[in-house]
Structures are given as C-alpha cells and as structure tokens.
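Asks: Got a structure for you, questions after.
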Amino acid sequence: MSLNQKKKACIFPGTFEVFHDGHLNILKRALKLFDFVYIVVAINNTKTSSDLEKRYQKVEEKIDSLSIKNVEVIKWDSKISDFAKIKTIYFIIRGIRDVNDFKFEKYIADIYKQEWDKLEVVYFFSEKKLENISSRKIINLNKGKNDYEN
C-alpha cells in the first residue's frame, strides 16, 4: 500500500527562490491538516528562476536543519498536476498574502482543475507578521535594491 493510500498527503509547490519564514509557516500549518507534505521545488517559465538544483538543495537543507518530519523535498521540472497524478495526491497547498495573490491563485487553481479535475487547492492566509515577506523582496534587499525594482 502506498503512502497516499494510508495517509492524507498534499503538495506544496513553488519556485522557492528563497524558502523564507512565510513558506515555513504555511508548511507547519499544513502539517496540522495533512499527514505528509511534498515540497515540490518547481520551474516557473514566467519567472526568472535560479538553477533548479540549487533551489532544491537550499530547501532540502533548510528542512533538514529544522528536523521537520513528514516532509519530502522534490525537484520537479514538469506540471505540478503531473506530479499529483503520479503520486495520487489530490491536494495542493498555497499561501495568500493579499488581494493580488488571491487573483493570481484563483487563476492557478483554475489551471490545476483543467489539468486534473480531482485536484483541490487549500489556501492558507499569511499571518499578519509575515504578509510582507516575499522571495522577490528578500532577493532585492540582498542586491541592495528597493522593493519595487526587479
């Protein structure tokens, strides 16, 4: 019997340019609802992403350093819905910080449903103290840019 038949699992997909406290918060909250979480470090063709292998390694190191159980970090270069089908996972978790995120996430959820109608997206709203954190802001700060530069 596979893990997914015994336990309720979900997918936490993202490019994870920086796996930050907002992501970690969503992961910990998801583990309260799900028995197992696959963090899927993915490619987003609409974003400029750093090397998939490097991003995967950074996320895996972070999870290992925190000794978080019932999580597996995966690198994936295809559709998230394909990963879900292969693993027979019906839930994807996503975070929402604001109205702009909501619009984008609704669009993405519709795509997931078109690709595989068994998928459901479970949303976690950012905690107030974390809603201004984003990978892009962290990258820009590290480069000495303000929040609005790309």
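Placed from the backbone N, Cα and C atoms, the Cβ positions cover glycine too.
For reference, Swiss-Prot lists these features for the protein:
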type	residues	note
BINDING	T15, F16, H23, G95, I96, R97, E105, L130, E131, N132, I133, S134, S135, R136	ATP binding site
BINDING	T15, I80, R94	substrate binding site
SITE	H23	site 'Transition state stabilizer'
Asks: Tell me the coarse DSSP state (helix, strand, coil) of T15 (ATP binding site).
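Replies: Looking at the DSSP assignment, T15 (ATP binding site) belongs to neither helix nor strand, so coil.
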Asks: Counting across all protein chains present, how many other Cβ atoms fall within 10 Å of the Cβ of T15 (ATP binding site)?
Replies: 17
Asks: Tell me which of the binding-site residues I80, I96 sits in the most Cβ-dense spot, judged by other Cβ atoms within 10 Å.
Replies: I80
Asks: Write out the long-range same-chain contacts of E105 (ATP binding site), meaning residues 6 or more apart in sequence whose Cβ is under 8 Å from its Cβ.
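Replies: For E105 (ATP binding site), the qualifying residues are R94, I96, V121, Y123.
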Asks: Under 8 Å Cβ-Cβ from H23 (ATP binding site), six or more apart in the same chain: what's there?
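Replies: Counting only residues 6 or more apart in sequence, the Cβ neighbours of H23 (ATP binding site) under 8 Å are F12, G14, F16, G95.
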Asks: Near the Cβ of R94 (substrate binding site), how many other Cβ atoms are there if near means within 10 Å?
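Replies: R94 (substrate binding site) is surrounded by 20 other Cβ atoms within 10 Å.
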Asks: Please give the greatest C-alpha separation between any two of the substrate-binding residues T15, I80, R94, in angstrom, as a whole number.
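Replies: This binding site's residues have a maximal Cα-Cα distance of 12 Å.
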Asks: Taking just the CA atoms, what is the gap between I80 (substrate binding site) and T15 (ATP binding site) in Å?
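Replies: Here the two Cα atoms are 11 Å apart.
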Asks: Would you list, in sequence order, the residues of this chain other than T15, I80, R94 that have their CB within 8 A of the centroid of the site's CB atoms, where the site is the one recorded for substrate?
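Replies: Once T15, I80, R94 are set aside, the remaining close residues are F12, P13, G14, V40, A42, N44, I92, I108.
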